[in-house]
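Peer 1: According to TrEMBL:
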- 176-206: coiled coil (COILED)
- 3-112: domain 'CSC1/OSCA1-like N-terminal transmembrane' (DOMAIN)
- 134-300: domain 'CSC1/OSCA1-like cytosolic' (DOMAIN)
- 311-582: domain 'CSC1/OSCA1-like 7TM region' (DOMAIN)
- 29-54: transmembrane segment (TRANSMEM)
- 92-111: transmembrane segment (TRANSMEM)
- 313-336: transmembrane segment (TRANSMEM)
- 365-385: transmembrane segment (TRANSMEM)
- 405-427: transmembrane segment (TRANSMEM)
- 510-541: transmembrane segment (TRANSMEM)
- 562-584: transmembrane segment (TRANSMEM)
- 590-607: transmembrane segment (TRANSMEM)
Amino acid sequence: MTRNPFAWMREAISSSETDIINMSGVDTAVYFVFLATALGIFVFSGIVLLPVLLPVAATDHTIRAVNTTSKGTFNELDKLSMGQVGNSGARLWAFIVATYWVSIVSYFFLWRAYKHVAELRAKALMSPEVRADQFAILVRDIPSVSEGQSKKEQIDSYFSAIYPETFYRSMVVTDNKKVNKIYEELEGYKKKLERAEAIYAESKNTNPDALKPSHKTGFLGIIGEKVDSIEFYNDKIKELIEKLEAEQKLTLKEKQQSSALVFFNSRVAAASASQNLHAPIVDTWTVMDAPEPRQLIWTNLSKKFYERIIRQYVVYVVVFLTIFFYIIPIGFISALTTLDNLVKMLPFLKLVVKLKVIKTVLEAYLPQLALIIFLALLPKFLLFLSKAEGIPSESHATRAASGKFFYFTVLNVFIGVTLGGTLFTSFKSIEHDPNSIFDVLAKSLPQNATFFLTFVALKFFVGYGLELSRIVPLIIFHLKKKYLCKTEAEIKEAWAPGDLGYATRFPNDMLIMTIVLCYSVIAPIIIPFGVAYFGLGWLLLRNQALKVYVPSFESYGRMWPHIYTRMIATLILYQVTMLGYFGVKKFKPTPVLFPLPIISLIFAFICQKKFRRFFISPALEVVSHELKEVPNMEIVYSSFIPPCLSAGKPDEHQFEDALSHVSKPGSSSV
């Protein structure tokens, strides 16, 4: 509506939480609750810390850059940090009080956020709209079928006996590997046919006598017999449709697995069934509420109870080893990319670094840039590991990958970079006096304040600049459109923006929160950078959520308990860091900080007991609200049929071995 380059800011600020939910779902709204919570913590902490601690540090002249926080990059910042304050004096009491203030502010905002997210989830689940996943449960670990009984009959008789009034239909999960391969091949040829027809139509517009497109059938279209592309693709499609229909029948009849989707004509019944214990032995008839159809990871549904447990522990070991061994190259990179070390290895850089402006920029941002690039390689590997656990849904796999990435970033970036750089520069002193390693490690966190300050600045200046401009996706899109895309479908696919990417976005934001929180008292000047990061993030990503990104799933805020746990972990890490630093300064009243981690654990326990259960299972009080219309159970059930089994519109009788039809559709509206 306007060409004003700043109009998006007004629209983002004026948008309501309801607008966000309507456009991007509850999960996106929960993400903004997280951003607002972090922003609130830093704003209210900064209101006290900046005007109190900065003058206290700046006016103390007992120490001169002994406990440096800048490592020589910006020496003037030392005068505004806790390292400037003497090791024993009344001024340190201001930092003790500040440590408590930040903790109290965090408790207030975390409690408020948890309560608000629970309300958002409740409001979404009590919606009068019919949502397929609210009428289904996922059943796994179905025991072996007794003689003379099919899998379908076993499931039907089991659930119709327990829920005689509300059980509607069951769908046995099948091994779709082969049928899915044929389906994907068929879809590939359909796209190629559409592309060939588009190329032919375009050439006919410019030259009425244009020949039909052709290609060679051999390796990469380079060798082999030359054929008419349109006729070849049409023949292949007909051949694959017949093959697909035959494989669909075979899959539905002979490749049934030990899991199923069970449907109820009441969402109260489905919610109740998802929470109940159905068998006295834990490894049979395990039940959970069904995720959205688009979220299901079909290959994981049939994995057995003990197989899932073994896979989970194997993945934990692999993640631990990844974190442990990744810390070596990250620590090496953090030490290697310091300007002094680079000049030693690459002497020709001496001419460049003599220029003061270039030297300052390189000292401030070179190690951080190397670290950001190095971390970009990891997320897909962690998502692969999460899916390998046997997790049944995309949202759950994203939450699991997010958790792994968070602990990885905290241990490798926050702690690994600090210790790696410190050990590298202090190796000789440790070699002469091994006992000094504890003092060296204790001092290492505060010595890296400016490194992390510039890291945060780089993340929001460069990261959010690229996010707002979307220059990289724009360039890629135009290159694809010019050289690769020939059909409307291909252009649409190239333009698709994807989702917010929670698996990496949450951990990256949590890393910034960890850094700013842990240094908020040691070097309060970092707080404005944290406020800028989360404030800009809230504003900019609000615009992206409303106008750019398209959510790939909806879990109704189930990510929040995981975010909350990591925020509590960050808070405790901050409190332990302050305990350690006060201990290094040999400040006698340091024990007054000991209650803080204990209070945080008690606070976390109370919050989890009060709110968490609702995020595991839907509350019956919430789902008992009336729907605006009687649900069409045929549509509900058909939405869960995977595309590879519904393609080609096979007759209903094909599904008789994997699907059952017990009660009449739409027998209840609740």
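Cβ from N, Cα, C; glycine included.
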Peer 1: Applying the under-8 angstroms CB criterion, which one of 29-54, 92-111, 562-584, 590-607 scores highest with the transmembrane segment (510-541)?
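Peer 2: Most Cβ pairs under 8 Å with the transmembrane segment (510-541) come from 29-54.
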Peer 1: Which residues of the same chain, at least 6 past either end of the transmembrane segment (590-607), have a Cβ under 8 Å from a Cβ in it?
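Peer 2: Sequence-remote neighbours of the transmembrane segment (590-607) are 96, 99-100, 103, 107, 110-111, 114, 564-565, 568, 571-572, 575-576, 578-579, 582-583.
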Peer 1: Taking a Cβ cut-off under 8 Å, which residues six or more beyond the ends of the coiled coil (176-206) line up next to it in the same chain?
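Peer 2: For the coiled coil (176-206), the list is 212-213, 229-230, 233-234, 236-237, 240-241, 243-244, 247-248, 251, 255, 298-299, 486-487, 489-490, 642-645, 647.
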